[in-house]
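Novice: Supplied in structure tokens, the structure appears directly below.
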């Protein structure tokens, strides 16, 4: 043994394992006897032999532990190392992304489609309020109820199918040919476990409802056949029979009681639940039809008579079942009507502005909300221009547009044209002679040159994914926090708030005009049936508001031309009148007859000036007005000096 070469720790371990197996073979019979003598029949001879087998040697244990230590160190190093998609967190020239750009949602919370509005719990109340003002809220409510009916009906049908399967499995007879050693104990234990649970016991007591008399008789006979089998099992296994004797003796009584209960019970709970589910489906379908589709409905949806008959046929099916898709076609028609007639107006209404204000003031504004909303992107581009980083935004917009066009064509695009467009972006932002260099490193530039742009067949749609990801992260981590705390962001919010107030002011005046016409507020507008009449009434109300709008408007004097101060309607002294030398009170608040009133309010004059600008005609008109004012002032002074001279002569 000393001269034998050391086989190594692994071989030593396997040899000791083989010795343990030999000992297991030789100690099979004695270990079985020992297990019987200590009254432990549950422990097999094989498990007892494995307990006596020798373990690995200390050399093998040390070798295995060394391997485990090295594996744990490598695993720890792998965990500490950043994944392949996790690039460096520093920004450098343009920054690195720690996000997967492909997974970024190209959706903005500030711009929504109709489907997104109907499925968003935040903006949906604003849309319902808008439709209520137009008296079209029944379209939205029908779509929501039909969508809820569609989803809940399928879930109820699945529940009904599961209950049917459970009922059929519980009604299966017990086979009398189950002959194995421990048959009595599992059967009785499962029966007791099912009877211990209240719901299972109730189901078992009433499981045979709907089965004919022959099936009930066969089930009773099958249950009764268990008792001789249990006697045989007790003869083979005395210990197991002792533990389950009481349960096996009660088996025939329980089966008879179950059979009698099944005969006496009027209905099964499973069938009752299934029946209630199907009745609830029918009730919901009838309620929706009565509220929105029936000709007698208060506000029916705009569908044809043929479509109404088709919905009736799907609700009252030949098999007695309601089709879950009975309202799908009507949903599509209502959806297209809302999208074509109302949704564009909703996006321009103060209701959607209120929703945008709620999103912008929620504290969770993301970069996608800004980049995919035109109004927010306008203010963001101004901020990026002030920060001398507008080239990053322009690159992102151009590259994203480049990638979206070939992707929309699903591979059917001109490779040469795509390569020319990609070269324009490369020459502008990536090359060493770039006109607007963004600071991409050599790795990114070589990747775009060799692998993406110079590819046979043209560049792939995702050729600018890496620089797009870097530009996205730079804007998100560096510039987005500054924009959200800048004055331009608050100006954007202020503009939204002013637009909401203006729209509410117009809506309030229109409602007052409708009430003043003599009709009650709940009735439709008098000109609701005539679109031209309604439009003319709205125009009249808006003109009336604009005439008095200069009283409430706040004008920044610094933004106006100082010469416009001479264009005031009442440019006299800040007095109501004066007393002459003769003691006569002369009113100055009355306009002079030779001075013409300026047409339009301050708001209209400001709008004219903003539209016309500093043109030659405007300057000439302003000069004539100033000259007239000077002449009138001289004439007034001459008239004031004339009574004094006459009194001196006297």
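Counting begins at 1 with the first residue displayed.
The backbone N, Cα and C atoms fix where each Cβ goes, glycine too.
On a predicted model such as this, the values are computed, not experimentally measured, just so you know.
As annotated by Swiss-Prot, region 'Disordered' applies to 1-45, 168-192, 512-535. According to Swiss-Prot, the feature transit peptide maps to 1-16. The annotation phosphoserine is assigned in Swiss-Prot to 40, 268 on the grounds of similarity to another entry. Annotated domain 'RGS 1' per Swiss-Prot: 113-356, in sequence order, evidence recorded as sequence analysis. Marked as domain 'RGS 2' by Swiss-Prot on the basis of sequence analysis: 366-493. Annotation source Swiss-Prot lists compositional bias 'Low complexity' at 525-535. What Swiss-Prot records for 622-635 is region 'PKA-RII subunit binding'.
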Novice: Quick one: mean pLDDT on the domain 'RGS 1' (113-356)?
Specialist: 68
Novice: Please list, for the region 'PKA-RII subunit binding' (622-635), how many residues fall into helix, strand and coil according to DSSP.
Specialist: 14 helix, 0 strand, 0 coil
Novice: I'd like the per-state residue tally for the domain 'RGS 2' (366-493) from DSSP, helix first, then strand, then coil.
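Specialist: So the counts come to 91 helix, 0 strand, 37 coil.
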